[in-house]
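All remarks here apply to the structure that follows.
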Amino acid sequence: MHPFSGQLIRPHMDPDPSRPVQRAITTKLTDALKPDHLEVQNESHMHAVPPGSESHFRVLVVSSKFEGLPLIQRHRLVNEALKEELSSCVHALAIQAKTPEQWQSNPTVAKSPPCLGGSKGDHTVEEKLKAGRE
């Protein structure tokens with residue numbers, strides 16, 4: 001068990017001081033949603049961004065705060081918790097938002113499809129990402 005509110009975080013998902021955006025996402029989702037289970041995956045390496053970028057993430061959040069809420073409302077709670085990151089340095093966020101009961105009956109994490117291009121031809125991406133961090 002991880003010290004955050006009894007949540008389970010896989011060892012490779014522990015907040016890393018060299019990953020400030022990933023650490024902020026983990027902390028903010030933990031504080032806002034008190035998840036039973038949380039996974040934060042940096043998928044930036046799958047996209048046309050400089051090495052070491054923190055711009056594309058996938059989150060799996062299992063929280064009782066999602067009970068009785070439609071999927072759109074669950075996503076809004078996640079987006080609200082991460083509004084600062086989404087308005088600055090995070091370019092893409094894939095969200096899986098499950099109740100504990102849903103997670104217990106289907107404990108799978110969706111996989112992201114491969115990047116099909118997007119900014120691969122945009123040579124100013126590194127500058128844009130740097131500007132978003134400042």
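Each residue, glycine too, has its Cβ placed from N, Cα and C.
Note that the coordinates shown come from a computational prediction; the quantities given were computed from them, not determined experimentally.
TrEMBL has this to say about the protein:
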| type | residues | note |
| --- | --- | --- |
| COMPBIAS | 100-109 | compositional bias 'Polar residues' |
| COMPBIAS | 120-134 | compositional bias 'Basic and acidic residues' |
| REGION | 1-20 | region 'Disordered' |
| REGION | 100-134 | region 'Disordered' |
Positions whose Cβ lies under 8 angstroms from the compositional bias 'Polar residues' (100-109), at least six residues beyond its ends:
36-37, 39, 58, 60, 62-64
For the compositional bias 'Polar residues' (100-109), what does DSSP give as the number of helix, strand and coil residues?
6 helix, 0 strand, 4 coil
